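Have a look at the structure below before the remarks.
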């Protein structure tokens, strides 16, 4: 439905005003609350007798670099599979992550690093902010191509707050273990996005169905994102873990799980594919499920065999999800999941949480020795048994699903406000709506779209 001339100019001001408002408010909050921590502040660091090589920056920054590449390059290009939405996939990933990094520094800081009335930031703050941005981008994948940038920024504003609350409840109150974020990142981000997509359901989306597929070169771009994510995922899972054997073990378990999920994906894709052919959608996505499934148990004594088994199972299940469950999700549950985040992050995230329950329940002093205290401090101190810790892990999964579902529903209601512009049903998955697209693409798309402005939905 085309808008009146009075309202047609609204999108021109909506995004710049919202960006200025959010950046201005964030800058003021940074000025009031954010300070360097003792390893970053010049006076505090040099006041003690420290060697520069002991600064945590040198131990954590390589992992941060890898995680940062995953967020901005991996996620962005993975979503560039849509034939006419490459600018939107990579560009809006850039926008949302840039805002999420700042906002999550404040939200996570209030929960985890507030001392003396100030939030103290360090390289760990950068890593944690990237993790939060990852959850936001997972949710973005569920509604990719169906929302405007102003809506996406407001989604980020809400989701970062709920992410911080959920993370605080799980890690600080319930004291669950989830270093790689099977629950806090993947499960939360996926089901927040899926519920959001359900609330924003478009019954007339068939009008843009011809743009929802990929072409040869867009699939190649998406595969670039897959390779970046696949290579750096061991750093993603191990970045926040305890230095030493815990970080080493997490990287190994992720490494083996990813390799097994890749083989499982290729095998199952050929098995269910037409005439035994591989489906690039499966390869781009399900091959990464091995990284998701060991997010919780990666730092535990999962064993290399356990990592291989979990990865193969995750790759297989994820592929079957793309082949069979995604159509059911839309037809029966009215969830239009653009990127299939339910298959890459939702199901593997839940499986990863359940795997964590199993491995925690099997934890013994004999298996971990003196290292039990670094992985399960409450069990080592006798405050919890392995079985009680496993029950807390399971409860943490239910808490995450609750926060994600309620948050996604609230986000959907927020994004349906009439004042927020969104593409019309016939203009979804089209860059031309929000981007200047040069060359032949612009010439081909300009005709039918030039007269139509982004629509609003009640």
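The backbone N, Cα and C atoms fix where each Cβ goes, and this holds for glycine too.
Now, the feature entries from TrEMBL:
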SIGNAL    1-27  signal peptide
DOMAIN    26-417  domain 'Ammonium transporter AmtB-like'
TRANSMEM  67-87  transmembrane segment
TRANSMEM  94-114  transmembrane segment
TRANSMEM  126-145  transmembrane segment
TRANSMEM  152-171  transmembrane segment
TRANSMEM  183-201  transmembrane segment
TRANSMEM  213-233  transmembrane segment
TRANSMEM  253-273  transmembrane segment
TRANSMEM  280-298  transmembrane segment
TRANSMEM  304-325  transmembrane segment
TRANSMEM  346-364  transmembrane segment
TRANSMEM  394-415  transmembrane segment
Quiz item: With pairs 6 or more apart in sequence, are the transmembrane segment (183-201) and the transmembrane segment (304-325) linked by at least 3 Cβ pairs under 8 Å?
Solution: no
Quiz item: Would you call the transmembrane segment (304-325) and the transmembrane segment (67-87) in contact, using three or more Cβ pairs under 8 Å, pairs 6 or more apart in sequence?
Solution: no
Quiz item: Per the 3+ Cβ pairs under 8 Å rule, pairs at least 6 apart in sequence, do the transmembrane segment (213-233) and the transmembrane segment (126-145) touch?
Solution: no
Practice problem: Using a Cβ distance cut-off of under 8 Å, indicate which of 67-87, 94-114, 152-171, 394-415 has the most pairs with the transmembrane segment (126-145). | Solution: 94-114
Practice problem: Establish whether the number of Cβ pairs under 8 Å between the transmembrane segment (394-415) and the transmembrane segment (253-273) reaches at least three, counting only pairs separated by 6 or more residues. | Solution: no
Quiz prompt | Averaged pLDDT score, the domain 'Ammonium transporter AmtB-like' (26-417) | solution = 96
Quiz item: Between the stretches 67-87, 152-171, 253-273, which wins on the count of C-beta pairs under 8 angstroms to the transmembrane segment (94-114)?
Solution: 152-171
Quiz item: Which residues, given as numbers and ranges, are at least 6 beyond the ends of the transmembrane segment (152-171) yet have a Cβ under 8 Å from it?
Solution: 15, 18-19, 22, 92, 95-96, 99-100, 103-104, 107-108, 110-112, 132, 135-136, 139-140, 143, 178, 183-184, 188-189, 192, 196, 396, 399-400, 403-404, 407, 410-411, 414-415, 420
